[in-house]
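Beneath this line is the structure, given in structure tokens, with notes to follow.
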Amino acid sequence: MAFVNANYLKLKAGYLFPEIARRVNQFLQAHPDAPLIRLGIGDVTEPLPAACREAMIKAVEEMGDRATFKGYGPEQGYPWLREKIAAHDFQARGCDIDASEIFISDGSKCDTGNILDIFGDSNRIAVTDPVYPVYVDTNVMAGHTGEANERGEYAGLVYLPITAENHFTATLPSEPVDLIYLCFPNNPTGAVASREHLQAWVDYARAHKAILFFDAAYEAFITDPAIPHSIYEIPGARECAIEFRSFSKNAGFTGTRCAFTVVPKGLKGQTPSGDAVELWSLWQRRQSTKFNGVSYIVQRGAEAVYSEAGQAQVRELVTFYMENARLIREKLTQAGFEVYGGVNAPYVWLKTPAGMGSWDFFDKLLHTCFVVGTPGAGFGAAGEGYLRLSAFNSRENVVEAMDRVVTAFA
């Protein structure tokens with residue numbers, strides 16, 4: 001008899017987005033001609049930047065010539081891409097990050113789950129509530145939790161509520177924790193963290209010898225010059241933080257797949273006996289064993305993001321989506337909703353009307369407006385009573401969707 005990983009059986013009924021898909025498909029079976037507009041899953045809609053496409057076409061041609069053909073690449077990523085990332089995304093902002101500390105991957109979603117491979121099972125883990133579900137589910141799969149209660153909260157995790165009262169930025173834990181997930185700009189709430197707030201987290205982590213997992217997948221959407229783009233802009237962060245980044249949303253790579261993780265050399269964890277161990281070495285070992293690297297063609301496309309043309313085209317994409325976010329905020333406010341986010345992030349977080357439950361409001365929006373959002377309750381118990389809308393869609397669809405909402409609710 002082959003035994004399964006019983007931790008998977010602790011997972012709640014279904015990952016959030018498959019459950020949304022199930023409800024939408026059920027609706028479409030009953031209403032096949034409904035003009036549905038999807039503002040739920042944060043998938044991009046606009047084409048890859050021309051600079052990236054041109055670089056990838058050139059790379060494909062190189063793969064057709066024996067003299068320039070590439071086989072297996074370095075597991076950590078090609079040096080020319082890592083050097084561009086280090087220079088443009090970190091050193092240009094005063095961050096002391098070297099190319100050797102950057103690991104290219106096929107997605108930050110993968111990395112935020114895979115990073116657990118190098119950490120032990122006895123760590124006390126803190127997540128915000130609401131939270132990107134992957135952080136919680138991967139810890140459940142790894143056996144780091146007990147069972148979930150009726151609110152969907154897993155025993156063994158420390159939940160840090162983020163609410164309108166604390167501006168959707170969690171207060172520091174009242175107890176020592178070892179691993180802390182932070183996401184800014186935040187998914188799902190669209191909130192950002194000030195320099196002072198991030199400094200408090202770094203100080204806490206250093207005091208308790210904890211590690212911050214800092215997900216900066218949406219940093220390109222920050223419009224406020226006072227808001228840090230990287231945790232490494234904060235003094236002391238090299239001693240306590242791992243940062244995750246992605247090309248998915250800023251450059252439209254959701255279907256192309258390229259991201260990176262930063263693990264500073266000198267960042268340490270410890271063994272049960274108390275010996276210090278460098279995390280960079282463990283992650284490098286993990287990646288070289290379990291990962292063969294991102295394709296040469298895709299990495300050339302990612303490199304083009306940092307060209308002069310690529311930078312201009314990425315800014316154009318980001319500006320396009322942020323204008324969508326502005327329109328969503330404006331129209332929802334006009335319709336009488338309490339609205340958050342959408343200023344430094346491509347997500348708008350709205351309070352459901354009249355105390356309606358998140359899934360009830362999801363269904364009402366679907367059936368009344370033919371608009372798909374993401375129920376806040378799917379991100380955690382503290383997300384109940386909210387719904388997330390994504391700015392990732394065409395301008396035409398965003399305008400039409402908001403007109404429907406205003407007509408239905410204003």
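Placed from the backbone N, Cα and C atoms, the Cβ positions cover glycine too.
Keep in mind that this is a model prediction, so the values were computed, not measured.
Some features that Swiss-Prot has for this protein:
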BINDING   Y15, G42, K109, Y132, N187, N292, R388  substrate binding site
BINDING   Y72, S108, K109, Y132, N187, Y218, S246, F247, S248, R257, N292  pyridoxal 5'-phosphate binding site
MOD_RES   K249  N6-(pyridoxal phosphate)lysine
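Features recorded in Swiss-Prot, as mapped to the structure shown.
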{"residue": "G42", "record": "substrate binding site", "CB count, 10 Å": "21"}
{"residue": "Y72", "record": "pyridoxal 5'-phosphate binding site", "CB count, 10 Å": "8"}
{"residue": "K109", "record": "substrate binding site", "CB count, 10 Å": "18"}
{"residue": "Y132", "record": "substrate binding site", "CB count, 10 Å": "21"}
{"residue": "N187", "record": "substrate binding site", "CB count, 10 Å": "27"}
{"residue": "S246", "record": "pyridoxal 5'-phosphate binding site", "CB count, 10 Å": "26"}
{"residue": "S248", "record": "pyridoxal 5'-phosphate binding site", "CB count, 10 Å": "22"}
{"residue": "K249", "record": "N6-(pyridoxal phosphate)lysine", "CB count, 10 Å": "26"}
{"residue": "N292", "record": "substrate binding site", "CB count, 10 Å": "10"}
{"residue": "R388", "record": "substrate binding site", "CB count, 10 Å": "26"}
Roughly how many angstrom lie between the C-alpha atoms of N292 (substrate binding site) and Y72 (pyridoxal 5'-phosphate binding site)?
7
Going by C-alpha positions, which of the binding-site residues (K109, Y132, N187, R388) is nearest S246 (pyridoxal 5'-phosphate binding site)?
K109
